Amino acid sequence: MSHKVLQIVLVLLLTLFSSTHNSNGNFLMEEAAAAGLNGYCLLTNTTKHSYGQAFNNTPVPIKNSSFSFNIIFGIVPEHKQQGSHGMAFVFSPTRGLPGASPDQYLGIFNETNNGKASNNVIAIELDIRKDEEFGDIDDNHVGININGLTSVASASAGYYDDEDGNFKKLSLISTKVMRLSIVYSHTDKQLNVTLLPAEISVPPQKSLLSLNRDLSPYFLEETYLGFTASTGSIGALYYVMQFSYEEGVIYPAWDLGVIPTLPPYPKKSYDRTRRILAVCLTLAVFTALVASGIGFVFYVRHKKVKEVLEEWEIQNGPHRFSYKELFNATKGFKEKQLLGKGGFGQVYKGMLPGSDAEIAVKRTSHDSRQGMSEFLAEISTIGRLRHPNLVRLLGYCKHKENLYLVYDFMPNGSLDRCLTRSNTNENQERLTWEQRFKIIKDVATALLHLHQEWVQVIVHRDIKPANVLLDHGMNARLGDFGLAKLYDQGFDPQTSRVAGTLGYIAPELLRTGRATTSTDVYAFGLVMLEVVCGRRLIERRAAENEAVLVDWILELWESGKLFDAAEESIRQEQNRGEIELVLKLGLLCAHHTELIRPNMSAVLQILNGVSHLPNNLLDVVRAERLRGIPETSMEVLLGLDLNSFGTMTLTNSFVSHGR
């Protein structure tokens with residue numbers, strides 16, 4: 001049987017830089033992962049209770065497909081007779097697995113998300129520790145895991161010899177180089193996993209593990225491939241030396257020639273440590289005396305930035321770009337590279353040298369307290385997240401008096417420009433209903449991740465069309481986390497500042513100054529209405545009864561003409577059901593009463609047709625005579641152009657605690 005081989009991820013020697021968060025070529029390295037001996041990928045170092053991840057930069061379309069993977073790897077334990085925890089080959093919906101834990105969680109899951117069906121993660125684990133809580137069979141096994149660490153199939157490490165059919169045991173912690181073969185037949189719905197010594201070039205006919213199951217429901221349309229590993233109180237070094245992916249059911253012969261020998265685990269040398277310590281102390285005293293004057297001047301000059309960022313950078317910092325890299329990428333921050341500007345600063349388009357990756361660079365000053373606050377808010381929230389519907393923060397830079405944030409470039413701009421463009425410029429294509437409906441679902445999915453799926457709750461506090469960006473495929477990504485706040489699950493946020501954009505601020509936020517996930521839902525409801533109607537919340541030039549978008553939609557609903565609220569270009573009969581659903585759901589989300597609004601999980605279920613709106617929804621809305629904008633701010637907005645407002649922050653005189 002012949003197969004068309006698609007070498008999407010070549011046979012690699014993973015040559016990567018060593019840092020907390022770095023990328024090179026096809027793979028992104030995070031946490032303890034770095035380049036090791038001879039350029040091999042080293043997933044961990046000698047740090048205890050740590051983990052490393054290495055994921056390919058480009059997703060692979062393996063849903064509804066057959067595929068074959070081959071990995072050459074080796075494990076070097078700290079102690080010859082006792083393992084650490086293990087490593088895994090991972091299929092992930094995102095590039096990287098944020099919030100993962102070390103030890104028994106293998107750098108894949110954590111205590112909160114382990115076992116959740118929404119993970120969409122499949123892992124082939126090479127486990128060198130028996131964890132009773134996950135039902136491990138022993139401390140030297142291979143397992144197939146779906147969405148959690150309890151294996152759906154597992155077997156002790158080894159292989160079946162083709163000559164005599166006998167099972168030959170292998171020790172994962174033998175420091176020997178081994179090969180792992182992962183082959184899935186979409187036609188037969190069967191996953192085969194084979195482990196064998198690296199010196200055997202042809203895989204045995206009988207697999208170590210076979211799972212008869214359709215894997216398509218667990219994969220998204222595009223899946224990221226990667227490796228994870230973790231250590232506990234005992235260390236181990238995990239090497240990935242070669243890796244190949246081929247389309248189809250293929251069991252290739254793989255002759256490595258001379259099998260490399262992995263170096264032993266580093267031994268502690270107390271004498272050497274004492275000598276180094278003595279030299280370092282001497283040099284430190286001398287350097288401190290010589291550099292004290294220069295250091296004092298530098299400290300005074302940059303005190304503000306260092307005081308706020310130093311601790312955070314050490315613990316959680318994403319990739320830090322040099323100013324030279326960004327200067328070259330944006331062609332010296334020239335005017336023709338400028339994408340936009342406002343109170344936050346300027347945004348420039350650029351291209352990273354040595355690659356074809358387009359980026360957007362936001363430049364702002366750290367002189368103002370607000371500029372520094374928003375800079376830190378972005379890094380501490382979206383800098384730690386990876387989700388297909390969130391704008392990806394690639395890194396940051398501090399140079400002189402300026403702060404820089406680097407994002408993926410979104411070629412189709414912001415949603416508000418697309419909505420405005422479709423009304424004012426007949427030469428531009430209008431958004432189709434299919435595009436609008438997908439945009440709404442994409443933003444809802446992003447908010448669900450922020451509110452309910454991540455380890456901590458993130459309240460965005462500035463949901464509006466201008467902060468929804470569209471990539472080359474018109475997929476929506478939520479951005480601008482400058483006002484975002486995060487807090488632990490189960491705890492209420494407390495704040496004395498009202499932040500957001502006029503018109504999108506929930507009524508209770510003006511009264512209490514307390515931003516919650518429900519205030520995000522309120523703003524999202526208004527965004528849904530704008531997307532369907534193709535207009536702003538306030539239209540001064542419209543007829544009096546049409547000036548306020550929410551009031552106008554409600555009046556049309558009451559008169560049985562709700563469908564007429566949709567923009568004319570999408571007002572086709574086949575779209576009626578979905579359009580009216582979104583309009584009603586938007587009004588429900590933008591309800592004045594906080595407790596009536598659904599959470600984002602319920603919103604997505606309704607959008608996906610899993611749940612339905614209540615039959616008496618109009619009565620619920622009528623009861624409060626819903627108005628989309630508080631009266632205190634409505635008068636201001638009717639007299640001013642909404643475009644003239646950026647993100648505003650008001651100070652409240654009191655704080656309300658509790659719900």
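Placed from the backbone N, Cα and C atoms, the Cβ positions cover glycine too.
The candidates are Asn110, Asn412; Swiss-Prot tags Asn110 with the feature N-linked glycosylation site. Separating the Cα atoms of Val347 (ATP binding site) and Asp462 (active site, proton acceptor) is a whole-number distance of 18 Å. Rounded to a whole value, the Cα-Cα separation of Gly345 (ATP binding site) and Asp462 (active site, proton acceptor) is 17 Å. Look at Gly345 (ATP binding site): DSSP puts it in a strand. Taken residue by residue with DSSP, Leu339 (ATP binding site) is part of a strand. Cα of Lys341 (ATP binding site) to Cα of Asp462 (active site, proton acceptor): a span of 18 Å. The average pLDDT computed over the topological domain 'Extracellular' (26-275) stands at 91. Minimal Cβ crowding within 10 Å, among the binding-site residues Leu339, Gly345, Val347, is found at Leu339.
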